[in-house]
Amino acid sequence: MISRLLLHASESKKLEDLISRMRLTRGLVSRYVAGTTLEEALAVTAGLKRQGIDVSLDLLGESVADLKESERATQEYVQAIKAIPGRVPGSTISVKPSQLGIVVDPDACARNLSTLLETAADHGVAVEVDMEHSSVGPGTLEIYRTLLKQYPDTRVAMQAAVRRTQGDLESFTEHKPRIRLVKGAFNETLAVAVQDKEEVTIRYQELSEWALANLPDPAFGTHDDKCIAHVKATAERLGVDRRDFEFQMLYGVRRKLWTELVQQGYRVRIYLPYGTHWYPYLMRRMAERPANLLLFLRSLIGD
Ligand SMILES: Cc1cc2nc3c(=O)[nH]c(=O)nc-3n(C[C@H](O)[C@H](O)[C@H](O)COP(=O)(O)OP(=O)(O)OC[C@H]3O[C@@H](n4cnc5c(N)ncnc54)[C@H](O)[C@@H]3O)c2cc1C
């Protein structure tokens, strides 16, 4: 119930305006956000790299209202791509179609993504496409499918909770996608997505098994011990090497586990948000762990 309210709140522009102007404790935002600038994000990334952990850089911001904003975001990502090879090689960027303008104009979004993929290919950097709300999910997959042939290293996130995911995955016959399997963070109806947490976990485990058996270099974006254990055991059973897939986690969540996995010989990549538009991202993180809500409310009253 609280989770759904928080997800609902994450979509409210009015609340965003209100809360973004309030004095939030630095601690709460900085737990999940690496900094406000690319420079700060690169410094955190370099620190993680020294521990054997890779990063995917996420410029905060989503659901842009006009194409100028999406062009600005595209150019900011271009700067990130150019910085990666010299400063933090092996890092990827994660992009959100709603930030690239899919809601305003899907063709413009495809052009922006294409610009990023071309620049990234020139610099030897891989791109990951986030999967957002189901209102833009099918459009995202359509654009991804069109660009996959030319840029086969591009990764797309797929949500285990969403009912059409298995069918979508099986629809890629000619070019197999590199995916990031996640549970799904958005407020969806029962018709679109499974809501029961246990059921989502079971679907995640089934899909992870399918991905390990059928797809190149899958990534598993989860902090759930049950899902992680299942991925490890399945890879072992199928004879998939620990370096042929990766675990991905969110900056600020389960830090100790990152190093444990690296020590066990697994590849780990941290999704690292930076920028100033943290509101919807932070609200989704609250929804995943309502225990954080108390901290959040206390920070709102300036404690
Ligand atoms: C790298 C990465 C990329 C992602 N990309 C997308 C995407 O493109 N589209 C999308 O819909 N979703 C995305 N997500 C979010 C995802 O869908 C889930 O909402 C989120 O990962 C929580 O699910 P879980 O698998 O960690 O399991 P859960 O059962 O939610 O969590 C398992 C445990 O992890 C810890 N934990 C989980 N979340 C938090 C938190 N916010 N704060 C503190 N502790 C927490 C808790 O200990 C919890 O018990 C991404 C997640 C990751 C890790």
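Glycine is no exception: its Cβ is also placed from the backbone N, Cα and C atoms.
Automatic prediction, not curation, is the source of TrEMBL annotations.
Binding site for FAD per TrEMBL: Met131, Gln159, Lys183, Gly184, Ala185, Thr222, His223, plus Lys197 from the candidate set Lys68, Lys82, Lys197. Proximity to ligand 1 at the level of Cβ atoms, with a cut-off under 6 angstroms, picks out Arg285 from the binding-site residues Lys96, Arg284, Arg285. You'll find the Cα of Lys183 (FAD binding site) roughly 13 Å from the Cα of Arg284 (substrate binding site).
If you check the binding-site residues Met131, Ala185, Lys197 against Arg284 (substrate binding site), the ones with a Cα inside 10 Å of its Cα are Ala185.
Counting other CB atoms no more than 10 Å from each candidate's CB, the binding-site residues Met131, Ala185 peak at Met131. Residues Lys96, Arg284, Arg285 are recorded as binding substrate; their most distant pair of Cα atoms lies 16 Å apart.
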